[in-house]
Each structure stands twice: as C-alpha cells, then as structure tokens.
Amino acid sequence: MSVEKTYTEFLREIFHKAYILKSGHTLPIVNSPDYSVEFNGNYVEIVKLEVALNEAKAHTGEVLKTYRENEWRAHTASLHPLKQLPKVLRQKYGLPFCTQAYCKFTEILAQHPVLAETPVKSDEFRTFHLCEAPGGFVVALRDFLGESRIGNWKWRMNTLNPYNEFNNPASMLLDDTIICRNLDKMEFGQDDTGDILNWSVEFILNLPKFHLVTADGSFDVRDEPENQESLVFPLISKEVMIALHCLEPGGNFVFKLFTFFNQETIHLLNKLLHLFYEVVIRKPSCSKASNSEVYVICIGFNGNIDSDCVLTNGYYHKFLDCARFFCIQQENAIRFNLETFNNLSVTEKCFINEKNFEAITHWQELNLNNLDKEKHEIVQILSPWANDSWNIDTNKWQEVIQKGKDLASSKFPSEPVEIYWAMDSLTWLIDAGKPDIVVVKKVDEKAKIRHSLFVNAYLLRESVDKNLVDFAQGPHYAHHVPPKTINESILTVDAFQMDKRSWLELLANLSKHENCVEELRILAGQNNLMLSRFAASIFVLLSVIFNSVQFEETGVIVFKNKLNVDSVLTAAEKYITNLLNAYFGEDEPTEELLRFVPMECFHRSDVYNAISFYNNKKCLDLILSA
C-alpha cells in the first residue's frame, strides 16, 4: 500500500461526502425494478452492509485489547485531516468559541445557504437548536448571518440542563459558556432537565414555530459500537418528531444521524422524503472519517405530517445505495487506520502532516466567505465555575486528592466575609415584576442529587456514598416550623431539620422590620451541604438580609449584622411571602421550587467562592476521614 497515494485520495474524498436522496419533487432514479411498487420487506442487502461495517469496527476492538486506548486515539487523531481546524480558526480569526460542531455547521451552511435565508413573508428569522450544548451551531449560524442580519434573528436552544441537580453529569456537556449568557433563550422543558425524551406531546404542541430546526444529539456508545443505531434511535426519532411539529411550512431541518440499516430508521427517513422538497445526507469534511456520523439536511417542509408515507422499492433501493456509499468510505478509513497503526515511517508522517495543513487551508477557502469577525456577544460572559473541574476524569483524581489535602487541612477564613449588594443589583427583588425562578412538577422525594454547580465534580462523585444531605432536602417525615424569635438577637437553626417551606418561612420572618435577630447561626452536620440551586438561593437571600457571613470550623454558618435598609427588607419579605403563598399554600404542593433567585446572583465570585469553598472542604473532610 502506498500511504502517500491512499492518503491523497482520502483527502480528495472528504470534501465530497454527500448523497442526494431527493432533489425537488422527485427522487433521482436508481436501477430498480418496480420503482413505485410498495417495498416487500426484504432487508437482506442492507443487513449485509451492517455486518461488514461491524466486522471492520470489531478489528478496532481487537487492537484496543492489545494497546492502550490513548495510543490508538492519538494515531487516529493524526489521521483526521481537520482535527486542528478549530485551533487554527481560533488563532487566525480570534474566534472565541470555535469547536468541531462550529466547523461542521459552518460547512453545512456554506454548502446549503438556503438554510439561513429569511422567509419572504416573515420579518424575522426564527431558529430552534435541539441537543445543542455547548452551542457550536448557534455561534456558527450567528457568524454566517453577520452583523447586518442578526437583528431579525430570534433563536432558542435546548440541551441537557447543566444546572439541574438531578441530571447525570456523565451524560452532559457541562460547558455553559453560551447558556449562562442566554438563559432567556434556553428551553429545558417542563421538568427543567432539558431531556427531550421527557417532553410530552402537549408541551411540544405549545412550542413556537420556527424556520430552521437543528438537532445534534448523541451519547457515548463506546461499550456497544455495534448497537449504536438502535441505542440512539429513540433520541433521533424524538428530535424528528419535535422538529416536524415546530417547523413553519417551507422551513428546514438539519439533524445528526449515524447508520441507517434498521427498519425503523429507514422508515423515518422515508417519512422525511415525503415531507420535504429536498433531502441530502452529508458527512462534513471535519467529521472523523472512521465514525458513522452524518447529517441529514431537509429543505422545504410541506407541513403534511399526517400524510401517507409508503416505502416503495424505489425509495428502499435509494436508501440502500446511500448506505453503501457511506459504508464503503467508513470501512476504508477504518482499514487505513489499522494498516498504518505503529507502521508509519518518519517520511510518511511528515507527508500526512503536510497534507493535513493543506486540507485546513482548503477548508477555509471553501467555507469562510461569509465569516463575520465582529465581537461575539453571545459568548462574552463566563460563569465563575467555568474554570472548575466539571468533567469527570478518573486519571485526574489522584492529582485532585493531593491538592485537596491542602484545602482539607486549611481553615475557614477567621474573619467574616462581607457580601455587598448594590441597589442596582437587587432590581429582581425590589421590582414587582415576574420573579426569575425555576418551578417544575413535584420531584420524587427519593431523588438524589447527582450534580451541583457548587462543588468540584470529582469531590461530589467520591462523596455520593457518604449520604450527603442538601440544605433544601430536609426531613421528609414532617414539616419543621422554624423559631419565630422576635426579641432575641441570636437565632440558631438546624439545617438538617429544615425543608424548603421552613427555609422560606425563616427568610420571611428575618425580613420583618420588628425582628431583632442580629445573628443567625445555621448548624450543619458533616454531610450537610449547599448543593442545590435552592440552597444557594437561601444563601443569597441571607447575604442580602445580613451584611456578613462567617464559616466556623465546626461547619456552623454564621450570618451577622442585619441590614438596616427598610426598602430592601420590605421587598424581601414581600418577595418571599409571595413565593410561600404560590408554592406552599394549604393544599399539598403539586409543584417544586428549584431556584428562587436569578442565576446571575450565582455568577458573583464572592457568592460562588463562599458556597463552593464550604462544600469542597466538607466533601474532602468526608473523603479523607474515610
């Protein structure tokens, strides 16, 4: 095998991996008898393709039994011509949020500019981006539209909610760079998880209509690569269902797909052929050649979602031909990876590196004509937890423990911490507008917190078996009525005995003008932490009511020096009382309050640092004591 010749041909192919399933009102004719006759259900030929591809994947599995996974990954990365493309674009154009997803969608838009066209009869361009985190498609579309057009662009974005305490962190991309800046554009669904599989038909039917819907959903199937299609299908079919109900007539839809060997996937694609004017399956050049990822571009929605969608022989053979087209290229890429593993000379490696550089240059020539290099307001503000270790990586755990020993042995600050709230930062509390809160249907009392903004992810993972109790979880056996002390200057409460209603009643009581409490002492056991957004909201309100907070070595939290600004205290009492009346009335609550202060309050470094230091230290104490 000539490496130079094979790799040159490989690079030529990556820029032309597209298959037109439908162009205009008819399908391109393939050599198939009885083109319009209903398909007889014989899937033998397409099953053969699946078997051949799985055999190629199995060879990769054999390699991983002998060699370290990181060695194999480094090798395949070196044979991914556009692996370094995001880095090059960040450096060359100063793009602050350039990812592989950004590059993929930029390429799709360049090849199909109609996706970004504003409809003739509309004065705005509305888009919806499903399973979007961290936000590469949104930023790519913003750059493609440019400054002159973003004024009439209205977008919404969905992803698994990185702030939801009950989501599995291993299932999420925890980068919230886009999210924290654009919370008003996020759609996390009726349960606040962001999981579209939980969306009801009623909820979907109440969503707005859009001119473009994208869906980039997937999850890790490394343990079962041969079952990728069936494992991911429920997610993909839900994406399609949502898109079809949200699209305006004439709208467009782009979604990620993998293989389409299974009958259910074929019938899904068949439905789309009946509902769109044009359907193209494309593998962007910056998508790794050895994986099954492709994107289905559907243009010109006809709106007839209840129409009869019969699978004919002609349509089936079109899918078969398309599957064969992509399978052959993927198998060739896998084979080249295997044949060159630990088998490339220095000269061949230099040749490949040179060709990769040429490919990156060629990609820019093809796709960056519309690039807008203006300021990216979408991504300008970072959250304070952006630099924290959110992603869980076992290899880093020992390093974290080593650093953590210093933190665990250190002491809480001996002096009180003052958290000052300027009046203009309390408009959410003082103005009588709609409160910025998160409310969902009642959460199962047995549900355990699996994720938190306010503690290092490694520490939380190692502490989950220590029976952690959040400040907001409280006792499930009875509602605890907090002390209504008016005349005493020091009040002590036990966090473990407090449920959500108790906390709000306490906050309302402390906000009263006649309340003489100057010091609040919160007793918290070793495993009692502020993990949830509700618990952090409690901390924020207490830091408004009192001028300073101090953490004692015993874990006691002390709030001191009550605020002497009547307008703020009056507003706080009214704000909290309204929440109590709305969500904790006489009837059994049917809704759950998850957050009752704006997310921006958690962005403050003094607030975030105080809560996270307290949680991290207590987690480390628990881990090291065990």
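From the backbone N, Cα and C atoms, a Cβ is placed for every residue, glycine too.
Keep in mind the model is a prediction, meaning the values are calculated, not measured.
As recorded in TrEMBL:
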DOMAIN    96-303  domain 'Adrift-type SAM-dependent 2'-O-MTase'
BINDING   GLY135, TRP153, ASP216  S-adenosyl-L-methionine binding site
ACT_SITE  LYS256  active site, proton acceptor
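Long-range Cβ contacts of ASP216 (S-adenosyl-L-methionine binding site) within its own chain (separation 6+, distance under 8 Å): ALA101, HIS129, LEU130, CYS131, GLU132, GLY136, PHE137, PHE255, LYS256.
The domain 'Adrift-type SAM-dependent 2'-O-MTase' (96-303) scores a mean pLDDT of 93 in the predicted structure. For TRP153 (S-adenosyl-L-methionine binding site), the same-chain residues 6+ apart in sequence whose C-beta sits under 8 angstroms from its C-beta are GLU124, PHE125, THR127, LEU141, ARG142, LEU145. Look at TRP153 (S-adenosyl-L-methionine binding site): DSSP puts it in a strand. Binding of S-adenosyl-L-methionine is attributed in the record to GLY135, TRP153, ASP216, and the widest Cα separation among these residues amounts to 20 Å. Neighbours of LYS256 (active site, proton acceptor), defined as other CB atoms within 10 A of its CB across all chains, total 21.
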